[in-house]
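Peer 1: Feature table excerpt (Swiss-Prot):
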SIGNAL    1-18  signal peptide
BINDING   Asp28, His30, Asp93, His279  Zn(2+) 1 binding site
CARBOHYD  Asn34  N-linked glycosylation site
DISULFID  Cys45-Cys64  disulfide bond
CARBOHYD  Asn72  N-linked glycosylation site
BINDING   Asp93, Asn134, His236, His277  Zn(2+) 2 binding site
CARBOHYD  Asn100  N-linked glycosylation site
CARBOHYD  Asn164  N-linked glycosylation site
CARBOHYD  Asn223  N-linked glycosylation site
DISULFID  Cys405-Cys409  disulfide bond
DISULFID  Cys415-Cys428  disulfide bond
Amino acid sequence: MTLLGWLIFLAPWGVAGAQLGRFWHISDLHLDPNYTVSKDPLQVCPSAGSQPVLNAGPWGDYLCDSPWALINSSLYAMKEIEPKPDFILWTGDDTPHVPNESLGEAAVLAIVERLTNLIKEVFPDTKVYAALGNHDFHPKNQFPAQSNRIYNQVAELWRPWLSNESYALFKRGAFYSEKLPGPSRAGRVVVLNTNLYYSNNEQTAGMADPGEQFRWLGDVLSNASRDGEMVYVIGHVPPGFFEKTQNKAWFRESFNEEYLKVIQKHHRVIAGQFFGHHHTDSFRMFYDNTGAPINVMFLTPGVTPWKTTLPGVVDGANNPGIRIFEYDRATLNLKDLVTYFLNLRQANVQETPRWEQEYRLTEAYQVPDASVSSMHTALTRIASEPHILQRYYVYNSVSYNHLTCEDSCRIEHVCAIQHVAFNTYATCLHGLGAKLVPGFLLILTLLPSLHVLEVL
């Protein structure tokens, strides 16, 4: 595969220095192996369900999951933009949105293997930290808290990326921890199986600590603190709430609370959290009990353009996105991120995939870096400045949806970004819905630990 005829617009890197490194984060590739440009709108892609796909193109459609051509182009665009990243984060969801009976265990494993082989082909010498998504199992979502065939088979597929200890851990529960590459050896990546906490997972309902992952995570973070390491935490299903509707949480509440406790206790060694699942571009702030910002989670957009069927979400498609982070190799401090995207409509018309820069975080939100304090400032601006809110809203769908983010939209996004806990999220929805007055959102953002009912 070559890039002949491709138009990829490269961005100048904003930070210079010997300690600056870069890494890719990709998520939610969702390959639909049966995608075809058919004259019959009901035969284009199984992932569209019963919806007719009227204008399918070679690079995909907003009603469908990714054709192979789209995923292939995304990986080769990554190689063209930054061929030698320090490492790659890959946070899962590889299979299409189709019923369980349309897949099966063998098909799930075949898709994971196909995408694994593509990444190895394009980046043969790059370390990859990979997590399973809720669609990377059969039946989907039903991840067990103990060893099983899929964990064992995926561990074999990912064996070149795993140490002996990680290989054994993955087979037990699909989570592991690895040192970061490079001479400093001052950091590590923790890969979580948060599918164990998913509210749709009946296998772990009623368990206090599925697979003892929380206990293990606490031990890893405590050891990192003792050893002077900083940590990146990655996974697929994030805690908190979906920002494109109201009251849609992913974790069971008890697991959500436990995750928050871990972050609050160990936030000083966590240099960043990186998740997917939403297909959208957003972030989540974490605060201590005094209201001080202590950590941030980045939600990377998906490669799949698939329009979600989640109740309450209006026109929930997105353009395909890929993301690169700039970081300090010595401290793991995040300096910036750049999101690249494919305008799918344009690509299908031109029959050429033009991956281009969508935005650079420091420029978009007028902040010095991608640190916790900077992301808190970004949230403040999103909450209080309409033009920044609108800019964020367009980026949230990877420049697919250019409609105006009105009051109800603002409530959904600000409360979801600011409040990962169930109780404070509910309070935020109530307060913002009842009291949308100038300055009120800014007060809420600057004082996140306050209960809205106390400031009314």
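Glycine too: its Cβ is placed from the backbone N, Cα and C atoms.
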Peer 1: Roughly how many angstrom lie between the C-alpha atoms of Cys415 (disulfide bond) and His277 (Zn(2+) 2 binding site)?
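Peer 2: It is 18 Å, counting Cα to Cα.
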Peer 1: What is the set of residues, excluding Asp28, His30, Asp93, His279, whose C-beta falls within 8 angstroms of the centroid of the C-beta atoms at the Zn(2+) 1 site?
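Peer 2: So the extra residues in range turn out to be Ser27, Leu29, Asp65, Gly133, His135, Gly276, His277, Gly302, Val303, Thr304, Trp306.
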Peer 1: Reported as an integer number of Å, what is the Cα distance between Asn34 (N-linked glycosylation site) and His236 (Zn(2+) 2 binding site)?
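Peer 2: One finds 24 Å between the Cα atoms of these residues.
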Peer 1: Relative to the mean position of the Cβ atoms of Asp93, Asn134, His236, His277, the recorded Zn(2+) 2 site, which additional same-chain residues have Cβ within 8 Å?
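Peer 2: Those within range, site residues removed, are Ser27, Asp28, Thr91, Gly92, Leu132, Gly133, His135, Asp136, Asn195, Val237, Gly276.
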Peer 1: Just jot down the residues in the same chain as His236 (Zn(2+) 2 binding site), at least 6 apart in sequence, with C-beta under 8 A of its C-beta; none if empty.
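Peer 2: When sequence neighbours closer than 6 are ignored, His236 (Zn(2+) 2 binding site) has Ser27, Thr91, Gly92, Asp93, Ala131, Leu132, Gly133, Asn134, Thr194, Asn195, Phe275, Gly276, His277 within Cβ distance under 8 Å.
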Peer 1: Could you tell me which three-state DSSP class Cys409 (disulfide bond) falls into?
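Peer 2: Reduced to three states, the DSSP call for Cys409 (disulfide bond) is helix.
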Peer 1: Determine the Cβ neighbour count for Asp93 (Zn(2+) 1 binding site): the number of other Cβ atoms within 10 Å of its Cβ.
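Peer 2: For Asp93 (Zn(2+) 1 binding site), the 10 Å Cβ neighbour count is 27.
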Peer 1: Rank the recorded positions Asn34, Asn72, Asn134, Asn223 by the number of other Cβ atoms within 10 Å of each Cβ and report the first-ranked residue.
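Peer 2: Its Cβ has the most other Cβ atoms within 10 Å: Asn134.
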Peer 1: Quick check: of the binding-site residues listed here (Asp28, His30, His279), which one has the Cα closest to that of Cys405 (disulfide bond)?
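Peer 2: Its closest listed neighbour, by Cα, is His279.
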